[in-house]
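Note sheet for the following structure.
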Amino acid sequence: MFRSLFVQSFLITFTFSSGCCLDVVETETPILHEVGKKRKLEDSIPVIEIRGEGQPMTAAQIRQLEEMSNGGPLDIKVEKTWRPVDCPHAAKRKDFITFHYKAFTEVNKKCDQTYGREPIRIQLGVGMIMPGLDKGMRGMCDTELRKIQVPYRLSRKKKSKIWKNIPNDEHWLTFNVEMLTVEPWSLDLQFNFLDMNNDTLVKFQENLKKNFGKTWSNENIDYVIAAKYYIRYFDIDGNGRIDLKEFRRVMGRDMAIMAAVASDKKVEGRKRDPSIAWILDFNNDGIVSVTEIDQADEILQGEPVVLPIFARDEL
């Protein structure tokens, strides 16, 4: 009753060696269709088989392909697992946050966690943590849970005690973060952070490097010279120490100047660090420029550009 029709389709086989296409093999495959029966769309699609030989793609090549597909550099991915109804203060730059985390590699293998040991306490936006995780925790509230995926370009970090178990070569890292507390930034909190464990400013710098991998942008800056400059910058009464009252007074002066000179003009550099690197903003415009960083090791050997001198009624 029905006639049969043989329709030709093509099977194309590509054989690769060292990235070059050597042969294209075309074969004929008969496909039986009943006359009068409507053909499906997939019946007319040629079958293509790609056979790869030689070295597999490197992680860098895979990243490049994914960024090309993305249309630009990869960014973090944030999933808000749970968020409290009340959020009196969402975390932002300069705030102090305390949190737990579990870290996983791209194949979902756990590589580190803080549960079972002390939670982490850092200051946001000052280089104490990898850029992607710092960015991913902005806006978090007390007790909030987030899943933060960090691409390779935003997971780079220097060697340190706190982050020693986090690999540097993963294409993607995943962090399940539990925010414990968000402490809004204040001058008192900043002073207490600098005066942690009653350590000297030299010890403070050493601890930041050892524990968090945070160092000066200019590697020629000497810790002792920087500490002495910092004290001279804040020491109003000249007794060789900085108390909370002096710290508040000088910081208040600088922030007032920064607000007065603020402009829309973009300067190449980074926002002023509220910690010991505060002294690098020599012109008090709120931005530590590339030029200021490059010249810092020499400038810090002299007297502060702005001395802690106030009229009697200002003290």
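These residue numbers are counts, starting from 1, taken along the chain as shown.
Backbone N, Cα and C define each Cβ position, glycine as well.
What TrEMBL records for 1-21 is signal peptide.
Under the heading domain 'PPIase FKBP-type', TrEMBL lists 94-183.
Counting residues of the domain 'EF-hand' (222-257) by DSSP class, helix then strand then coil, yields 26 helix, 0 strand, 10 coil. For 222-257, the entry in TrEMBL reads domain 'EF-hand'.
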Using a Cβ-Cβ cut-off of under 8 Å, list the residues of the same chain that are 6+ residues beyond the ends of the domain 'EF-hand' (222-257) and lie near it.
187-188, 190-191, 200-202, 205-206, 216, 276, 278-279, 281, 284, 297, 300-301, 303-304, 306, 308-310, 314-315
